[in-house]
Every structure is written in structure tokens, then in C-alpha cells.
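Trainee: Submitted below is the structure of interest, expressed as C-alpha cells.
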Amino acid sequence: MPAVVLIGAQWGDEGKGKVTDLLGGRAQWVVRYQGGNNAGHTVVLPTGENFTLHLIPSGVLTPGVTNVIGNGVVVDPGVLLSELQGLEDRGVDTSQLLISADAHLLMPYHVAIDKVTERYMGNKKIGTTGRGIGPCYQDKIARMGIRVADVLEPGELTHKIEAALEFKNQVLVKIYNRKALDLAQVVETLLEQAQQFRHRITDTRLLLNDALEAGETVLLEGAQGTLLDVDHGTYPYVTSSNPTAGGAALGSGIGPTRIHTVLGILKAYTTRVGSGPFPTELFDENGEYLAKTGSEIGVTTGRRRRCGWFDAVIARYATRVNGITDYFLTKLDVLSSLETVPVCVGYQIAGVRTHDMPITQSDLARAEPIYEELPGWWEDISGAREFEDLPAKARDYVLRLEELAGAQVACIGVGPGRDQTIVRCDVLRSRR
């Protein structure tokens, strides 16, 4: 079976971890293809156990699945080992986790530069997580990065880190007045860490393509969301990689024709963390309600997420940019007990109406949402397991979102648990 891509269709935090966990039992492989530990996935098992993952694919919680950290990911060795230890301490088998030899390593100087740069920028800062993700991707593009495979050759590794530190220490000391990092200490720490994960390093491209040739199912799991994509997002308030569907092939080493389904994960309302324009953002009691009822606290940052009504403009944009075939709508249960539920169907910018994403961030920042008021429902829907179990007004809301987004809503989340899901059609169905 060809590959299936899971895409965040908004600004991240849509519930991708739950979806990967739900579908993982039907896949042989789960691959993380971009980002680093700047994003978090929360998975609630049927037992009620709650797991938070930042770097390791969500499929690690499903027995029998091989999990891959792909070449498009930037790997913080300390975070990797800490996350592995945390899983193993709770009885999770991590033996089937593999790491691409071509993934880049996130180094101490990346974190140091990221943090000091954000402080230096003041009120002009992007709002990064401060975990060094951007600087690591900068080094990758500048061809001065350290790759996972480099730890297999300590001599060559030392030369590469030495060359990098000659420049990084100049930046830290002469520009930011910070202390220089010690070469020997950086190398020694990394080699000690590498002893604990070097057995996982392999040519994951070869393995994934062989698996697809054998008819196995591969889930490609993105981090963040479409509007945080460095090319297609609300630049410059974006991440440093490509969470969109195009990045899935690039960050895993499979060809784009291998992709069978693009499943967009869409929250029933909209949230965002950090700086940047957000047309439907709420600053009233409705925003407070969504944040409290939806437990909208960032898994990685601990920051409260900004909350707003559903924005069909960005949903249509995500459908177009990713070629989304199906949607998984999450957190519909959060909207219960609202008298009306507004949906943004377009923007008004300088007196002109549009139903498409503006091409400049200044236009998006001053966009006034055009709302369509939909009737709310009061019933508790957390126990619904069939579409017909939902109140009529909740069904109407889903169908209207489906129409506006431009792709069918195949599944609906009505709670955080794996079993709190309504399946309208099989997203892994054959399309031939």
C-alpha cells in the first residue's frame, strides 16, 4: 500500500498525535519527517494513560510498528535519550525506533544562539521555542551542519564541530557577549550520548522504499501545521521546515508518487502559539471558554494558546497547498454548550472582500473576518461513536465545515481518547 501523510491544517496543535495513534495499529511504519523537539504530541491510550512525545513518532506506543526519525528531522541527542528513557520507564518497548543517518544533530551552540537571538530581538522576536531548531536548520542549508552519521566517525566529527565552533563562538562572544563553548566538552558529551543510540542509525530511505515495494503501510507524521510552513505559512512567523505534504517525501526519502492519501488534521476551532497574525482570534469570554474547555496549553512551551473561531479561509488554503484528500476534525466536543458557533467564511481587507489567503502578512494582520453564524448545541457528544449519534446541529456544523474546506471530513474526534472517534469513511481505503 502507498504512503499516507498526516498534515496539520492550521497553526499546529490540531491533534495529530491522537490520529497517528489511532491509525498506527493498521500501519507497519510510522515516520516523523520534519521538525524537532519544538512540537509536542499528546496521546491518550484506551487505558487512560497519557503520553507526551516531542521527537519520537507517536507510533512507538503501538506494538509491532517500526518508527523512524527521518532525514528531515533535527535531533537533539539529549532530548532523544530523555524521551526514550521516559518511555522505557513506563514499560514501552522502544526497540523498533530507527534514526536516519542523514538527519541533522541539534548542537549546544544552536540552543545558545537561538535563546540569545530571541532576547536580542525584543518585541520584534518571532516567538520561537528557544530549542535551537532554527539555527540547526540554518546550518543544514549553509552546509555546515552535523549529521547523525557523523557520530560513527569520531575523528571526522571532531573536525566538523571544530570548524562550526570557530564561527559560532565568534557570534556568541563578539556579538552577544556570551561565553565561548569548549570544543572538547561538546565532542565528549556528544560521543557519550551517541553510544546510546548509534545502534539505531541506518539508511531509513532504503528500508522505507523496500517496505512500500512489499505493500506495507507507511504513515508519514508531520509536526506543527500548514500555516507554520517556512514556504507556505505566515512568514516570518513560521517554523524552519516544511510540515506540508511536499515536505513528507523530502523528509523521509520516498518519492511523491508513493503517497496515497493526504489526511489533514483540522481542529473544530482555531488556535495559535507565539507571534503572528490571527484573524479570528478572540479576546472575550468565548476565547477564555475555548482555552479552558479545550485545555489549550502548549505541550512544548507551556504557553497558553491563542484561541479563535474556525477559519475556513486557511482550511481551504491547506486543502489546496497539501492536496488534502480527507480531513480528521478534532475537538468537536469542545464546542458543546455554545448558543451559536461563528465560522469565518472570508475576510474584508481595506473594504474589499476575499475568500482567499492574502499574499502579504500586513493584509492578513488587518483582515477582518466575515462570519457565518451557525446554531450551537448543548448536548454532551463525548460518547458519540456514529455520525448519526451527534445532535442535528453538530452534524450540520461538520457538513458546513466540510463544504467550506473543500475535502470530506472522514473522521471526527469527540474527546481525547483513542476510542472517542467517529469514523465516517476509511481514510486508508483503496483509491484505485
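A Cβ is built for glycine as well, from the same backbone N, Cα and C atoms used for every other residue.
Under the heading active site, proton acceptor, Swiss-Prot lists D13, citing sequence analysis as support. The active site, proton donor annotation in Swiss-Prot covers H41, and the record cites sequence analysis as its basis. Residues annotated as GTP binding site in Swiss-Prot: 12-18, 40-42, R305, 331-333, 413-415. Residues annotated as IMP binding site in Swiss-Prot, with sequence analysis given as evidence: D13, E14, G15, K16, N38, A39, G40, H41, T129, R143, Q224, T239, R303. The Mg(2+) binding site feature in Swiss-Prot is assigned to D13, G40; the stated evidence is sequence analysis. Summarising the annotation, Swiss-Prot assigns substrate binding site to V299, T300, T301, G302, R303, R304, R305 and lists sequence analysis as the type of evidence.
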Trainee: Out of N38, T129, Q224, R303, L332, point to the one nearest D13 (active site, proton acceptor) in space (Cα versus Cα); all of them are binding-site residues in the record.
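Mentor: With Cα distances computed to D13 (active site, proton acceptor), the winner among N38, T129, Q224, R303, L332 is Q224.
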Trainee: Looking only at DSSP and grouping its letters into three states, which state does G302 (substrate binding site) belong to?
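Mentor: The residue in question, G302 (substrate binding site), is coil (DSSP, three-state).
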Trainee: Which of N38, T42, T129, Q224 has the fewest nearby Cβ atoms, counting only those within 10 Å, among these binding-site residues?
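Mentor: Across N38, T42, T129, Q224, these binding-site residues, the one with fewest Cβ atoms within 10 Å is T42.
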Trainee: Would you mind checking how many other C-beta atoms are within 10 angstroms of the C-beta on L332 (GTP binding site)?
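Mentor: Excluding its own Cβ, the number within 10 Å is 25.
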Trainee: Going by DSSP, give the three-state secondary structure for K18 (GTP binding site).
Mentor: helix
Trainee: Highest Cβ count within 10 Å among the binding-site residues G12, G15, G40, G302: which residue is it?
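Mentor: That would be G12, with the most Cβ atoms nearby.
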Trainee: What count of other C-beta atoms do you get within 10 angstroms of the C-beta of the residue listed as 'active site, proton acceptor', across all chains shown?
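Mentor: Neighbour count, Cβ to Cβ under the 10 Å cut-off: 29.
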Trainee: May I ask for the distance between G302 (substrate binding site) and T129 (IMP binding site), taken between their Cα atoms and rounded to an integer number of Å?
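Mentor: So the alpha carbons of G302 (substrate binding site) and T129 (IMP binding site) sit roughly 10 Å from each other.
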Trainee: Measuring Cα to Cα, how far is V414 (GTP binding site) from G40 (IMP binding site) in Å?
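Mentor: That comes out at 20 Å between the alpha carbons.
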Trainee: Rank aside, I only need the closest one: which of the recorded positions G12, G40, H41 has its C-alpha nearest to that of R305 (substrate binding site)?
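Mentor: Comparing Cα positions, the closest of these recorded positions turns out to be G12.
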Trainee: If I take the Cα of T42 (GTP binding site) as reference, which of the binding-site residues T129, Q224, R303, R304 has the closest Cα?
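Mentor: Result: the closest of the binding-site residues to T42 (GTP binding site) is Q224.
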